Amino acid sequence: MTQAPAIELKGISKAFGPVQANKDINVRVMPGTIHGIIGENGAGKSTLMSILYGFYKADAGEIFVAGRKTDIPNSQAAIAAGIGMVFQHFKLVQNFTVLENVILGAEDGPMLRPSLARARGVLKQLSEDYELSVDPDQLIENLSVGHQQRVEILKALYRQADILILDEPTGVLTPAEADHLFRILDGLRAQGKTIILITHKLREIMEITDTVSVMRRGGMTATVKTAETSPEQLAELMVGRKVLLQVHKTPARPGAPVLQIDDLRHTDRHGVERLRGVSLTVHAGEVLGIAGVAGNGQSELLEAIGGCVDASGSILLNGKALPLSGPGSDGAARRAAGIAHVPEDRQTEGLIMPFTAWENTVFGYHRDPACQTGPLMNNAAIKQQAQDKMTRYDVRPPNPALAARNFSGGNQQKIVLAREIERDPDVLLIGQPTRGVDIGAIEFIHKEIIRLRDAGKAILLVSVELDEIFALSDRIAVMFDGKIMGERAPESTDQTELGLLMAGVTASQAGDPIAAVDASLHQKERREARAHD
Amino acid sequence: MDKMPAWADAVLVPLISILLAALLSALVILAIGESPLDALTLMIEGALMRSSGWGYTLYYTTNFIFTGLCVAVAFHARMFNIGGEGQAMIGGLGVALVCLFIPFPHWSVALLVATLAAAVFGALWALIPAYLQAKRGSHIVITTIMFNFIAAAVLNYVLVNLLRPTGAMDPATATFPAATHLPTFQDMFATPDNPLFRGAPANVTFFLAVLACVAFWLVMWRTRLGYEIRAFGHSESAAKYAGISPVRITVVAMLMSGGLAGMMALNTTMGEAERLVLNATEGAGFIGIAVALMGRSHPVGIFLAALLFGFLYQGGAELALWTSIPRELITVIQALVILFTGALDNMVRMPLERVFLALRKGA
């Protein structure tokens with residue numbers, strides 16, 4: 001090809017204080033291709049894209065757009081250069097219509113009416129060209145997440161972007177919505193647009209990209225043709241050593257039911273009913289995985305069982321009913337009863353970030369008599385056991401006096417896991433066990449979960465990563481809109497079936513899956529909107 | 001990973017802030033035609049060079065330690081208790097009631113009971129805002145400010161209508177019985193040939209304040225309660241996860257906070273005036289906010305910050321007495337110190353962090 005690259009980065013470096021976020025990055029993105037950028041959390045993907053979009057200024061290096069050296073001091077310059085960005089967290093005004101959002105910041109003049117009229121025409125054309133159908137007069141708050149993402153893409157296209165950057169676009173989508181997004185991206189590529197896809201999911205890279213660049217610790221380790229690589233090779237490039245992508249486990253040998261949940265309900269403080277009659281049973285020696293798109297009640301389910309929020313219905317632990325509100329229903333009581341809880345968000349729930357590691361290793365268990373001497377806390381003993389745990393779980397650096405916030409995500413998660421597992425609980429609730437955790441630690445955490453299962457613990461796993469659910473679960477329950485849509489065995493189901501269940505569509509409705517998914521999501525959002533009013 | 005060493009954060013930042021405040025104050029003094037150097041000399045001589053000066057400085061310091069600790073407890077639970085002033089006023093009422101109506105055999109017994117009364121009255125005054133915050137979500141800043149006004153009005157009513165001795169023109173209680181007289185520094189340290197601390201109001205409550213600093217440290221960093229308060233202060237959702245009741249911590253922290261504010265009244269009411277007067281607190285409740293901010297909510301820092309403000313109060317009084325610098329200017333100087341150490345903290349911190357970063361890179 002003699003064509004100039006759509007984007008070429010030469011020697012880009014950026015440091016934040018002592019942290020080298022990007023060092024000497026060189027990459028060429030050819031026009032009309034989908035170029036994936038993959039790397040672990042903190043590898044520097046987002047920093048690089050922020051430099052490209054004018055949020056940060058590089059310390060060194062040059063940017064060429066379509067062969068011309070271009071300065072991008074701010075996002076206006078990026079837009080002028082034809083670069084559009086779809087952020088992971090959408091930047092939309094909730095109570096504006098689609099049309100109003102699209103022209104926001106790109107109005108033709110002081111009066112809105114001509115801009116809106118022109119935008120309506122452009123939008124109609126765009127949605128016909130690229131399967132990007134959205135009702136232009138609908139308020140953003142009434143749209144599903146997938147549709148909101150389309151609005152973001154439309155916004156970029158309306159600004160005549162030729163180069164589209166998408167940052168972790170599938171994190172919030174159901175598999176069906178993600179498929180639709182990929183079809184849109186396909187269409188865009190066919191029209192000659194250039195797309196940069198940032199992700200940490202190997203599957204997506206393999207599925208849609210033409211070329212992929214791998215980042216590790218701020219550097220670009222390789223750029224390869226997707227057709228000539230494999231997930232295993234990419235994982236190795238990301239981590240810097242061989243990684244086991246598969247979890248090895250023997251079939252589960254479930255014992256007696258340990259955790260029996262019946263008709264569990266919870267209404268949040270905005271009056272939205274988040275759990276609408278959940279019934280589940282977890283047996284000793286099995287992993288029950290809860291699949292679902294984030295925000296369908298999984299978080300509340302863990303919190304209700306873990307004693308963080310009040311609920312109604314019933315929870316039996318080894319046949320004994322637990323109080324669900326009032327005295328004896330808090331997290332401390334649940335721990336005493338034998339329910340350990342690795343929360344979804346370790347930074348705001350599982351750990352106190354400014355506390356030292358040793359203070360965190362007893363968090364939640366600090367009322368244990370072993371932590372006390374007379375009226376004071378037995379800090380010497382706590383430090384000792386913290387040192388023990390950190391050595392055994394290979395927390396790095398193994399320094400108990402360091403504040404929790406100074407550890408990497410994976411090591412923070414190990415501190416939480418060590419604390420919860422070491423108490424030998426009957427039930428382990430575990431939410432998003434590997435979110436923001438590097439691949440090396442993922443391997444360790446997955447092994448640990450299977451080891452506990454084989455030791456006869458009842459494990460309830462919540463994860464938005466379907467791959468993780470499939471890899472670890474012995475049974476899979478799918479949650480949608482505060483309800484269990486169904487239970488499947490991992491060997492007798494697939495991503496498509498689960499994907500429909502995650503969108504609230506059961507097999508009987510699946511004649512026209514797309515329409516059914518849209519209708520179901522719409523219904524959910526209507527219910528939540530009503531509760532807010 | 002930390003941007004600068006702990007000692008720089010704890011010592012250098014406040015020190016530079018104070019210097020900046022002093023510099024600006026010097027310019028103001030220069031502008032009204034006085035010599036800043038003379039003013040400084042006068043302040044130091046008046047507050048630190050004579051034992052009676054120290055007697056006043058430490059008297060003010062005692063007040064500020066109590067109110068500083070009061071604000072710091074609440075800070076640790078991520079609450080802003082602006083009600084130290086009102087809680088101290090009501091604490092004073094408690095002190096006055098026990099001193100007036102219980103016949104004490106000895107000052108030590110009187111101090112013990114009065115401490116209890118002061119703490120209980122102050123704590124109860126903080127209880128209502130605490131309850132409203134914990135149960136109803138009414139913001140503690142708003143309610144404690146309102147309770148300052150209510151406290152002032154209550155005190156006014158009680159002094160004028162109930163506790164004022166018949167015939168007296170002054171809205172104050174009768175003088176307390178002699179048995180409740182607390183030993184002043186003069187009583188304790190002066191000898192016939194070395195009259196130390198003559199006439200100065202510093203008294204035995206200073207040691208009580210130092211004791212409170214130690215107790216504060218023990219409770220906050222060595223007990224389960226302190227652990228829970230600090231955890232709650234950093235993350236309410238984490239506290240819920242761990243089974244720490246937000247309602248309980250909010251109420252307990254505010255009771256402790258109010259109790260400490262109330263104990264300040266021991267110094268002013270029992271130690272100095274030996275009767276309850278209308279404006280015994282003299283704004284010390286508000287100075288406590290600056291003291292806690294500057295002292296980083298740590299007892300050692302609070303002690304040092306209280307000492308600084310004690311010096312400013314006493315030195316300022318000397319200035320007003322001996323120079324044409326108006327009394328109001330003292331308030332300006334104090335305000336500058338508060339501004340620089342409290343509100344403009346980051347103005348000093350951020351450049352300093354950069355300096356340390358550059359030093360480390362160079363090394």
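A Cβ is built for glycine as well, from the same backbone N, Cα and C atoms used for every other residue.
No curator has checked TrEMBL annotations; they are predicted automatically.
Under the heading transmembrane segment, TrEMBL lists B:12-33, B:53-75, B:87-104, B:110-128, B:140-160, B:200-220, B:241-264, B:276-295, B:302-323, B:329-348.
Packing against the transmembrane segment (B:53-75) from elsewhere in the chain are residues 45-47, 81, 84, 87-88, 140, 184-186, 197-203, 205-206, 208-210, 212-213, 216, 220, 229, 233, 253-254, 256-258, 260-261, 263-264, 267-268, 271-272, 284-285, 287-289, 291-293, 295, 297-299, 302-303, 305-307, 309-311, 313-314, 317-318: each is 6 or more residues past its ends and has a CB under 8 Å from a CB in it. As a quick check, the transmembrane segment (B:241-264) and the transmembrane segment (B:87-104) clear the bar of 3 or more Cβ pairs under 8 A, pairs 6 or more apart, so the two touch. Between the transmembrane segment (B:302-323) and the stretches B:110-128, B:200-220, B:329-348, the greatest number of Cβ pairs separated by less than 8 Å involves B:329-348. If you look at the transmembrane segment (B:276-295), the same-chain residues 6 or more away from its ends with a CB under 8 A from one of its CBs are 14, 17, 60, 63-72, 75, 82-89, 92-93, 95-96, 148, 155-156, 159, 163, 170-173, 261, 264-265, 268-269, 301-306, 308-309, 334, 337-338, 341-342, 345. In this chain, the transmembrane segment (B:12-33) lies in contact with the transmembrane segment (B:329-348); the count of Cβ pairs under 8 Å, excluding pairs fewer than 6 apart in sequence, is at least 3. Listed by sequence, the residues of this chain that lie at least six past the ends of the transmembrane segment (B:87-104) yet keep a Cβ under 8 A from its Cβ atoms are 66-67, 70, 81, 110, 113-114, 117-126, 147, 151-152, 154-155, 158, 163, 173-174, 176-177, 179-180, 257-258, 261-266, 268-270, 275-276, 280-281, 284-285. Take the transmembrane segment (B:140-160) and the stretches B:12-33, B:110-128, B:200-220: counting Cβ pairs under 8 Å, B:110-128 has the most.
Sequence-distant contacts of the transmembrane segment (B:12-33) (same chain, at least 6 residues past either end, Cβ-Cβ under 8 Å): 39-40, 294, 301, 305, 308, 325, 329, 332-333, 336-337, 339-341, 344-345, 348-349, 352.
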